[in-house]
Amino acid sequence: MVLEFNKMNGAGNDFVLVDNRERKVKLRPEQAVQLCHRQRGIGADGIMLLVPCVSGKADWAWDFYNSDGSVAEMCGNGARCFARFVQKLTGINSQFTFETGAGIITASFQGERVTIGLTKPRDLRLNEQVTLSVGAQPIHSLNTGVPHAVLFVPDADKAMVLSLGQEIRRHAHFAPKGTNVNFVQQLGNGAIRVRTFERGVEGETLACGTGVTASALISAELNGFKSPIQVQVQGGDLLEVSFKENGGHFEDVKLTGPADFVFEGKVTI
Ligand SMILES: N[C@@H](CCC[C@H](N)C(=O)O)C(=O)O
């Protein structure tokens, strides 16, 4: 069949978006892999299909695939792109909701930027000593829709994102689901810089929205960072994480950043 798609990116994390409101597309994992392939396909970190929300709990829903064909519960940068895609197809400018594997996400538009309201963060674990090939390291973790490990590093440029990222991503400590891995440098002005090794892409991406969010919340928890936190990502963009703290719990967690169309096309699958 011929698939019509939009190619988009959110802070350099790139995606293929497909209108599947009529549910005619049945994507198999190997087709997702083929479409995301950077030499043999369109090239992307993931694919989102817009579908009707059958549960009736939200305005829309998505099916999300990583570039290795695995299904992910949530994607922060993808969510902003999805919001712009829905806006383009339906003309909506006001806040709306969509259902993901992690729960209901809200989306709203601030001029060029998009804000998404995430699901309540869960499974916060701090300062767990994890034995790695470089020795035991304190690793923090938080699920912001998908699981994230967070390590603080003095200089993100020198972080061993590929080698250590891969090791932690599949470490027994995070089994069976594995984890995304974020290397976080604290910048002087209450901001942070984050580099992420992404599960399901199995490499470093130019940004990871849920990873940025987990890194910001853990910076707040451990180092007193205040909302909103500015986060510099590997692609050079700035994302913003805002939240409320209520008795040691984070609420009303929001991620704001860019979501850009790159091109439209048709591909036979
Ligand atoms: N890039 C995303 C995260 C996508 C899901 C992740 N690869 C996983 O499988 O956990 C983001 O911006 O949050």
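Start at 1 and count along the chain as shown; that gives each residue its number.
Placed from the backbone N, Cα and C atoms, the Cβ positions cover glycine too.
Take the substrate site that TrEMBL assigns to ASN13, ASN66, GLY76, ASN77, GLU198, ARG199, GLY209, THR210: the candidate from ASN93, ASN127, ASN180, ASN246 listed for it is ASN180.
Within 10 Å of the C-beta atom of ASN13 (substrate binding site) sit 31 other C-beta atoms, taking all shown protein chains into account. Cβ proximity to the substrate site centre (mean Cβ of ASN13, ASN66, GLY76, ASN77, ASN180, GLU198, ARG199, GLY209, THR210, cutoff 8 Å) flags the following additional same-chain residues: ASP45, GLY46, ALA72, CYS75, GLY78, VAL146, THR196, VAL201, THR205, ALA207, CYS208, GLY211. Here THR210 (substrate binding site) comes close to MET74, CYS75, GLY76, LEU118, THR144, GLY145, VAL146, HIS148, ASN180, LEU255: these same-chain residues lie at least six apart in sequence, with C-beta atoms under 8 angstroms from its C-beta. Looking at the residues that bind substrate per the record, ASN13, ASN66, GLY76, ASN77, ASN180, GLU198, ARG199, GLY209, THR210, the two CA atoms farthest apart are separated by 15 Å.
When Cβ neighbours within 10 Å are tallied across all protein chains shown, the highest count among the active-site residues CYS75, CYS208 belongs to CYS208.
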